[in-house]
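Comments concern the structure below.
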Amino acid sequence: MHRPVADPKPVVWTIASSDSGGGAGIQADLHTFNALGCHGCSVIAAITAQNSTDVLSTEAVSPAIFIAQLNCLLNDLPPKAIKIGLIPDVQLLQQLVLWLAEHKAKHRFSVIADPVLSSSTGVNFASEQLISNWQQLLPLLDLITPNLPELALLSGMPDAPVASQALLLTQAGAAAVLAKGGHNPDSTDITDCYISDSASFGLTQPRITTANNHGTGCVLSSAIAVACAHGYPLHDALIVGRAYLQQALAQGYPTGKGAGCLQHHSWPIDYRYFPKLHGPGTIPEPLLRFASMAAPIGLYPIVDSVQWLKRLLPLEPDVIQLRIKLGSASEIEQQVAQAVQLSNDYKLRLFINDHWQLAIKYGAYGVHLGQQDLNEADLPAIAAAGLRLGISTHSYAELLRARQLGPSYIALGHIFATQTKQMPSRPQGLQRLVHYAALCRDIPTVAIGGIDMLRLQAVVNCGVDGVAVVSAITAQTDPEHAFVQLKNQFQQYKVESRYAHNA
Ligand SMILES: Cc1ncc(COP(=O)(O)OP(=O)(O)O)c(N)n1
Ligand SMILES: Cc1nc(C(=O)O)sc1CCOP(=O)(O)O
Ligand SMILES: [Mg+2]
């Protein structure tokens, strides 16, 4: 008998200590790995006798068994990512620095470290020597996630602004720092501050006031490590980590007499749990209102000339886009003017790609803009003119930025490899499409990139409202026939997928 071959689960390690109370440490890390679809392995540095109120005692393992765990796992279960947590022993931390220096480059795993220098129950694990060892670890880390007291200990500049302290850790070798703002008692929101060589931004969420908060740092760093192991870029891993933590906190439960635990659940898809991004090109909340799409998007052909519009408009596309990349300014203007006139004649919804001034001037139904285009466009003018706005996205970070602008639809790309355009990002694939579409339940979505008749049903089943295609129509020997087939199949798959969801 043949069994279906499942995709292998990425392997993630936690190098940390046991929390006998089950809410933090190795125990919380393994729950997080499992809930987010990874296989967890553990390298135990110490055993703590701990309950919900106190850490009563801590005993580190011997260096021999510490190294034996690392080496035996590396031989058989090499990690895609490693999370480092509490290592309350100078000798073990020194061993770890040497071990990572020897193996990290060759095995190319990500290392995310939560420098647990004190427990939430008030126990201080930090000695001068331990802090100095953490400083030696910095150049081996892809990300370090200190809270504010830990950041102060590691930077040695407790009175400097958070961003300056975080910058100091990057100058000492950490590839990136997420300074967690939860210990700032004055705010109803929590803002974490991210700094790397190439970027800095903030992630803000409402503070969840709860006594069930034991292990938050462990869970956040573990969730970030998992998202890295699944291949998400670090920016997106931070977003997934924050959303997972917020969801787990919102559903936390009491245990003993002290702090309760977080509820481990599943991949976060509820927009409520996702952070707001602050940084260049972002606004925290929609300040503009773009007109809505009025009717579902459906099959969405993208063409590069008025000639193509003349061929397809009589076939009544649900929505269509004119995407011109070549020609002089006056040629482009002429094409846009004719295209809008044609779309009015057929009473069909036409989006103009990139050329938002011309779209406003000639009164198109909408404008489609990419992330780069957004930096140059006058969004208030587009909204004031009553045009719809579609925005391209290729990651969680871009998706949150787009959502915060309140557009009429969000494009999710590129799902599969495409020959039509050079893409700087990797294909997203269907699993990510499911997550992105679920995060946009209240706003129409369009999948784009490498979609053809064979892939249409799988894409529709991911829950998108529309599917945008270029070559599946324009590169076919009979484009009109291809369009009609795609449109009909789209409708049929949509009905079937709705039926399947309701069954
Ligand atoms: C529906 C839809 N999705 C994505 C794009 C791509 O827009 P952008 O990222 O601005 O890239 P260019 O199309 O300008 O090359 C799109 N046009 N339409
Ligand atoms: C124009 C464009 N934008 C993309 C994005 O992901 O933003 S993918 C893409 C090309 C889509 O062409 P085809 O259907 O031939 O693969
Ligand atoms: Mg563009």
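From the backbone N, Cα and C atoms, a Cβ is placed for every residue, glycine too.
Bear in mind that TrEMBL entries carry predicted annotations, made automatically and left uncurated.
As annotated by TrEMBL, domain 'Pyridoxamine kinase/Phosphomethylpyrimidine kinase' applies to 19-261. Residues or ranges marked as domain 'Thiamine phosphate synthase/TenI' by TrEMBL: 304-473. Among the features that TrEMBL reports, 4-amino-2-methyl-5-(diphosphooxymethyl)pyrimidine binding site is placed at Gln321, Leu322, Arg323, Ile324, Lys325, Asn353, Ser392, Lys421. Among the features that TrEMBL reports, Mg(2+) binding site is placed at Asp354, Asp373.
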Among Leu322, Arg323, Ile324, Lys325, Ser392, the binding-site residues whose C-beta sits under 6 Å from ligand 3: none
Reported mean pLDDT - the domain 'Thiamine phosphate synthase/TenI' (304-473): 97
Distance from Asp373 (Mg(2+) binding site) back to Gln321 (4-amino-2-methyl-5-(diphosphooxymethyl)pyrimidine binding site), taken between C-alpha atoms, in Å: 16
Surrounding CB atoms that lie within 10 Å of the CB of Leu322 (4-amino-2-methyl-5-(diphosphooxymethyl)pyrimidine binding site), all protein chains: 29
Of Asp354, Asp373 (the binding-site residues), the residue whose Cβ has the fewest other Cβ atoms within 10 Å: Asp373
Extent of the 4-amino-2-methyl-5-(diphosphooxymethyl)pyrimidine binding site in Å [max Cα distance among Gln321, Leu322, Arg323, Ile324, Lys325, Asn353, Ser392, Lys421]: 16
Annotated binding-site residues Lys325, Asn353, Asp354, Asp373, filtered by Cβ under 6 Å to ligand 1: Asn353, Asp354, Asp373
Fewest-neighbour residue among binding-site residues, criterion Cβ within 10 Å, set Arg323, Lys325, Lys421: Lys325
All-chain count of other Cβ atoms within 10 Å of Asn353 (4-amino-2-methyl-5-(diphosphooxymethyl)pyrimidine binding site): 20
Neighbouring C-beta atoms (10 Å sphere around the C-beta of Ile324 (4-amino-2-methyl-5-(diphosphooxymethyl)pyrimidine binding site)): 19
Asp373 (Mg(2+) binding site) versus Arg323 (4-amino-2-methyl-5-(diphosphooxymethyl)pyrimidine binding site) - Cα distance in angstrom: 13
In three-state DSSP terms, the structure that Ser392 (4-amino-2-methyl-5-(diphosphooxymethyl)pyrimidine binding site) belongs to: strand
Entries of Ile324, Lys325, Asp354 (binding-site residues) sitting next to ligand 2, with Cβ under 6 Å as the cut-off: none
Residues satisfying Cβ distance under 8 Å from Ser392 (4-amino-2-methyl-5-(diphosphooxymethyl)pyrimidine binding site), sequence separation of at least 6: His368, Leu369, Gly370, Gln371, Glu398, Ala411, Gly413, Ile448
Separation of alpha carbons, Asp373 (Mg(2+) binding site) and Lys421 (4-amino-2-methyl-5-(diphosphooxymethyl)pyrimidine binding site) (Å): 16
